[in-house]
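A short worksheet on the structure shown next.
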Amino acid sequence: MEDHVEPTLRHLTSTTFGPPPEEANPVLEALGTPHVDSFNWMLSEGLGLIVKHLKPQQMELPNGHGRLSFTVTDLNISRPAIYNSVLPIKSTKILPSECRQRGETYKGLLTAKLHCLLDGEPRQSVQLNLGEIPVMLKSQACHLSDMSPRELVKAGEEEDCWGGYFIVKGHERLVRMLISTRRNFPIALKRGTWRNRGHLFSDQGVLMRSVSEDLRSVNNVAHFILDGSCKFMFSHDKTLFFAPVSIIMRATTERTDVEIYSNLLHGVEGDQYYQGCIRTNLREAHSENVHTKEEALAFLGQNFREKLRRLPTWYTDVEIGRFVIEQCICIHVDTYEDKFECVCEMVRKLYAFVQNRIKAESVDTVMMQEALLGGHLYMQVLADKLERWLISLKSNITKRSNIKGSLYEFTTDELDQCIRRCGTFENALSNFLATGNITSNSGLGLMQDKGLTIVAENINRMRYMSHFRAIHRGSFFQEMRTTDARQLLPDAWGFICPVHTPDGTPCGLLNHLSKYCRISTRPEEINELPEILSSLGLDAIERRPVANKHYFVHVDGRVAGVVKREKAAKMVNTLRLLKIAGARLGQGLEICFIEEEEGVRGQYPGLYIFSNAARFVRKVLHIPTRRVELLGSLEQVRLQVAVRPTEVMDSKATHLELSPTAFLSTLANLIPMPDCNQSPRNMYQCQMGKQSMGNPTHTWHLQSETKLYRLLTPSAPLFRTAHYDAVNLDNNAMGFNAIVAVISYTGYDMEDAMIINKSSYERGLGHGTIYKSEFIDCPPNNVFAIDPSNKDLCEFLDSDGLPFVGCHLQEGDPMACTYDSATGAFKVHRHHYKEDVLVDNVRLCGTPQTSLRVPPTSRVCITLRVPRNPTVGDKFASRAGQKGICSRKWPTEDLPFTESGLTPDIVFNPHGFPSRMTIAMMIELMAGKSAAVHGRVHDATPFRFSEEDTAIDYFGKMLVEGMNFFTCKLGVISHLVLNVALCN
């Protein structure tokens, strides 16, 4: 286990606080890792996979001039820069800070090469400029990549900027992580809606979400029909298709019926019902006059040709059938034989499920789920736009060739004109990130087409950090009446935080990853895996042992072979040791061995190995080797993981948690003593912590967000968990320390109301500032200038027509003035908010100079500062999830005081404790007072105390010096002496 680190105030007492550190904080850097790494994988490998799997667009020229084919290669995204500038500039680089201030999009140039083939012969190659598309911060396509904290500060960023988001029109947009069904794994399900899919359809089936290496996904379902047969479902362009499973198998193999029958029957040779079902399926193919592979492909092409209209008209039925098999059936494997084995495995599992030999599984369990990352979704959207661009190019050529008829000639000039009509990708991808909406014929395998991106709100540090660890089940499930998707099941331990989820509509749907959970962003290294498996006893499928004496071995959804049951355990243990070593196998490999137990109805047995991206993995300690191992969500269910070292001796545990708080999220690890609170209060604290004011950024002078909240005098808590120091939260402190009197005193503090000391308020308690930014665009032929005839403007505006910094503005006061050279008229832009503001700064934004016609200063950003003091009605909250409304500011001379003259800042009613059961807040009052008296920091990390050694006793003893343990003298305005407790 990790050694516990006591919290300190080193960030506040360090003599080297000013200069940025040499290296970035690894804990904060990990927040953006899944987003950044997934985008980097797209840049390094994904773009090549897009063009590799992109289907060429084919068309036939009129009058027999030949068949034209288009394909794209060399897809590349450049770093943001100024292109074709007409003015001399020092550097062409564009930094994210500049885009934030100008309200522009941080984007790089997308280029590709278009190849045209006429009758299969290369004809033309054209370099394409597909426009500038948004790039992710801190990715390899960003200038901030590999910058040190010192260089980041110089570039106008935070010293601990972890990236992972896009800047679109000045706003930080984050692609939301969504939960998807685990890829390439057959899942036995029971769904009532499946009965509506056709005659005699049952509610039982086996679903597989098949995902190819370029991240295209299709759903395949083997449906059980009540007459004993099986129908195979596949989808294309949001349309569902059904075919007899025997025809699908026949279209993927040249094997005879006897060989197919024997393949399906392995393991259950004595099952008469299953044998009859297989014979029924095989007869169904012959009843359709399908006896060979070619006939099966022709059958598929003939029946589905009408629905696949985008394919060339000259395709034969067999070619269309091949398209169906290659693009719609088990697309995660390439060869037809692998597809055949995959379909057979789905059929075997289906009939085992129908005969009640295995239990139903659920897509609502974490072990059957994975994450959709921002870089992966961006790649899917880009691939879809590229395919639609080629279709548009084909359509433009078809229109022009139909107009000219026999006079049409396909030349370079003709191709250039058609390319210009197709447009670029710039608006499409910017709109996707700005709105979160997609338009796609295929649907990209998603259950929603809206709400895919969010604004990375920087209200405070907690709010900002939580966005990067949030994972959503999907908006589709918000409308469902069932609560299955919202339940937190045991297999989520260590992957999904049980505390950090909002109350209300998104409860249980919007979750957050635990502290050590991460998402695999790229496939693991498995080049040596076939050789290793063979050396450990893997047999080829054709050399199956005797029935019931083997397990099938699956590698990323492909049936790799079989292993004898007596060798399976040794194979798994050896693979695990090689995985932990990391020399021959990737350390993120997931090895799940589902062993068949006599008399136990569980999951379908087999050995499943996963190396693909987007899986949930987390760090635990492998006890035999004393090394850290990454466990997957399906893998963990079959292992014994101890929470504390004392549990290892009393169990068969093979793994140990690195920390007792490993199952909590980043924000839940900041709650002081959450094990002493009622569970809902910890949930409320995660939400209210994200709503509080603090110091969200050190570059507020370089921000142009709509609103930015800043608490001018935040405090570092004296009672804190060790995770405070791990995330450097003192650098972006939130909230403030206060002296609290828990007493029934005035009557204005009932029903969770609270009273603020008026003198504390006057001395700056809770004083904050709101920053608002407004952009004023200067139209063509207009310039910023002051109207000399309007003398009232001189009080607010300088000679350049812009306001003075520090100027006080009220509603209706002039904020800027522009001059139209065409009409000779002046236009005054006025402040239209009701509240008074101060001008904080004025920035001339301008535009990149690609034309002399564009004026150098066409946009101005004016940042306004609104002072904000606590008022009656404002909401305050403790760190134990208790909120209250400020009901009144009470004069300090009328408040209670101690015999030493100590007066509280806040008066809180003690009736707020019993029903909320926030014992941690009572402990914090005592520990905070003790910390202030002794000048130290107390550790609020949970699970450190027990029933025998309670936290109340521990911190109560700390109060012996400087304060009585349970009572102290308290003076009131009537000059009576009361025996009560007063704590910080």
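Note that Cβ sites are derived from N, Cα and C of the backbone, with glycine treated the same way.
Now, the feature entries from TrEMBL:
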REGION    1-23  region 'Disordered'
DOMAIN    31-401  domain 'RNA polymerase beta subunit protrusion'
DOMAIN    182-370  domain 'RNA polymerase Rpb2'
DOMAIN    455-519  domain 'RNA polymerase Rpb2'
DOMAIN    561-618  domain 'DNA-directed RNA polymerase I subunit RPA2'
DOMAIN    668-963  domain 'DNA-directed RNA polymerase subunit 2 hybrid-binding'
The region 'Disordered' (1-23): which same-chain residues, six or more beyond its ends, come within Cβ distance under 8 Å?
148-150, 152-153, 159, 621, 645, 656-659, 716, 720-722, 724-726, 728, 730-731, 937-941
So what's the average pLDDT for the domain 'DNA-directed RNA polymerase I subunit RPA2' (561-618)?
93
For the region 'Disordered' (1-23), give the DSSP counts of helix residues, strand residues and coil residues.
4 helix, 0 strand, 19 coil
Across the domain 'RNA polymerase Rpb2' (455-519), what are the DSSP residue counts per state (helix, strand, coil)?
17 helix, 12 strand, 36 coil
What is the number of residues in the domain 'DNA-directed RNA polymerase I subunit RPA2' (561-618) that are helix, strand and coil, as DSSP sees it?
17 helix, 17 strand, 24 coil
